[in-house]
Amino acid sequence: MRLFTIPNNFRLREFSRNVKLFYIYGLSLNAGMALFTLLYNLYLLRLSFREDLIGQIASMGPLATGLLALPIGMLSDRIGRKIFLVGASVLLAVSQIGLCFSTATASFFAFSFIGGIAMACIWVNHVPFLSDNTVRIRRAEALALWTAMQIVVRMFCTLIGGMLPGVMGYFLNTSTEMPEPFRYSLLIGAACSLLSVLPLIRMPHRVEALTGDKMESRNRVVELGIQWRTYFGFTVSSGARGFAVGLTFPFFNVFFQEELYLGPMVIGVIYFLSEFLSLPSIIIVPKLMRRFGAPLTMFPLRSIWGGAIGIMGTVISLPISIVMFLISRVSEVIDNPIEQIFSTELLPRYFWARIQGFRVCGFQILAFAGSILGGFLIVEYGYYAAFVLACLSRIASGIFVAVYFGSQSAPPRSI
């Protein structure tokens, strides 16, 4: 499949101007995040940080996101999404610049926390924003295209990012075993995050009023108490999924370097391959949801992710680890947009940002706990302890989704 045919598959030209501007915004923002995901923990290793401290620094972001997801969701439903999207760009750039120049442990924690606030702003609002600006039958395509765009950006940024420290080291006349080449590479990512605010300037600030039909649908949901059952279900399922991610995601690049002795360029190629293989799979997301429904699709995907991570942690072998990492990445790329789309199908528009708030809160609070626990387990017992626990948590999440949501009757349709 050619990369440039993806917009045609999703009929990009038919989307509104706001959606197109949002995709441009996402290109720059995701480029900044991708460079930090690949390089920042490797930068911390060159500052002589151990995995337990790396896990603690990484945990501050999910903690901030989890604490602020709910209030941001409630405010977003009242004052609109744009202000939070702008805030995400600015706060993320401030966080990334601060993390590059921090020297004290407390400042690492503080700037990581600020980055978590930025993540809350984008993760709570991107699904409601796209849903607000697309008709119901196109929502799955809009969210799938957002995910596809993220994959393409990460794919190229991880490939280029793996080479950046070497390029910076050449110009600085220093070794890539020193932190400076990584610091200047990371600053490029911070610049990308800041530039993402430009498309938002051309986007109108508008809060859609609640019409009579929408108010009637909202009142019916409140009367039946459907929203609380839905909030609970997504908080639990996303929490178990977030715990598994916290145990593993901050440590993948460290695992490849410390356990398999790979350099940043090779790690970048592995991340590139994971995104490249994930890209075709995103096109089948709307078809899977229509054919099997979200709960029965998420269960096997989460079981596959868990099994792959469990094998990766227990069999320390370069070929096996790479294959399992690629499998886990493909299943994650399909699973994530399905959960996001499913959350907009269960409740009317009035509740969209709030359900994202509960979903993100559950995910990030448990990811915070997983990051701290993961760093401790890796230092004390090795990677297998953290990865096997992540395997069990992810499979449990899939079972819960299938049982809890698979047995529920459909609530009123979203408007």
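Each Cβ is built from the backbone N, Cα and C atoms, and glycine gets one as well.
Note that the coordinates shown come from a computational prediction; the quantities given were computed from them, not determined experimentally.
The annotation transmembrane segment is assigned in TrEMBL to 21-41, 53-76, 83-104, 110-130, 151-172, 184-201, 260-284, 304-327, 357-378, 384-405.
Counting C-beta pairs under 8 angstroms (sequence separation of 6 or more), the transmembrane segment (304-327) fails to reach the transmembrane segment (83-104), with fewer than 3 such pairs. In summary, the transmembrane segment (151-172) lies against the transmembrane segment (21-41): three or more C-beta pairs, each 6 or more positions apart in sequence, are under 8 Å. The stretch from 53-76, 83-104, 110-130, 357-378, 384-405 with the most CB pairs below 8 A to the transmembrane segment (184-201) is 83-104. Taking pairs at least six residues apart, the transmembrane segment (260-284) and the transmembrane segment (83-104) share fewer than three Cβ pairs below 8 Å and do not count as touching. Highest Cβ pair count under 8 Å relative to the transmembrane segment (83-104), across stretches 53-76, 110-130, 384-405: 110-130. Counting Cβ pairs under 8 Å to the transmembrane segment (21-41), the stretch among 53-76, 110-130, 357-378 with the most such contacts is 110-130. When each of the listed stretches 53-76, 110-130, 384-405 is scored by C-beta pairs under 8 angstroms to the transmembrane segment (357-378), 53-76 comes out highest. Long-range Cβ contacts of the transmembrane segment (53-76) within its own chain (Cβ-Cβ under 8 Å, at least 6 residues beyond either end) map to 41, 44-45, 84, 105, 108-110, 112-117, 119-121, 123-125, 128, 242, 246, 250-251, 254, 353-358, 360-369, 371-376, 378.
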